[in-house]
Amino acid sequence: MVMLKISSFLAVYALVVCQMDSFQAAPVRPGLESITDRVTLSDYEARRLLNALVKDFIQMTAEELEQASEGNSLDRPISKRCASLSTCVLGKLSQELHKLQTYPRTDVGAGTPGKKRNVLNDLDHERYANYGETLGNN
């Protein structure tokens with residue numbers, strides 16, 4: 001992108017240098033006279049070239065502005081808009097917390113619904129399981 005801008009400015013500069021000879025202006029440097037003698041453009045060609053360069057430059061700047069406006073949209077996550085500011089870090093943490101709260105639950109792990117075993121109750125139940133049988137036999 002930068003190379004296109006530089007090349008367009010160089011082309012405009014070359015156009016101006018070529019036109020300096022046609023307007024009988026003094027050259028910037030004496031060494032440029034031989035270059036301007038070899039390269040001559042008619043007024044029509046020079047205007048067309050200048051119009052094309054201006055249109056390209058306007059189109060490039062419009063595309064850059066469009067990309068910049070897309071880059072600052074609210075649809076992008078906060079983490080991509082800024083990285084190290086404290087408000088951005090807090091925003092990123094709140095996004096992660098929200099993701100964890102809205103994330104669908106799975107049926108594995110310690111806090112899942114279903115049959116829960118209590119080890120102490122199981123030991124007491126096994127200890128007194130035969131108590132009723134011994135009373136019935138006496």
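Any Cβ shown, glycine's included, is placed from N, Cα and C.
The signal peptide annotation in Swiss-Prot covers 1-25. The disulfide bond annotation in Swiss-Prot covers CYS82-CYS88, and the record cites similarity to another entry as its basis. Residues or ranges marked as proline amide by Swiss-Prot on the basis of similarity to another entry: PRO113.
A helical conformation is recorded for CYS88 (disulfide bond) in the three-state DSSP classification. Over all protein chains present, the Cβ of CYS88 (disulfide bond) has 15 other Cβ atoms lying within 10 Å.
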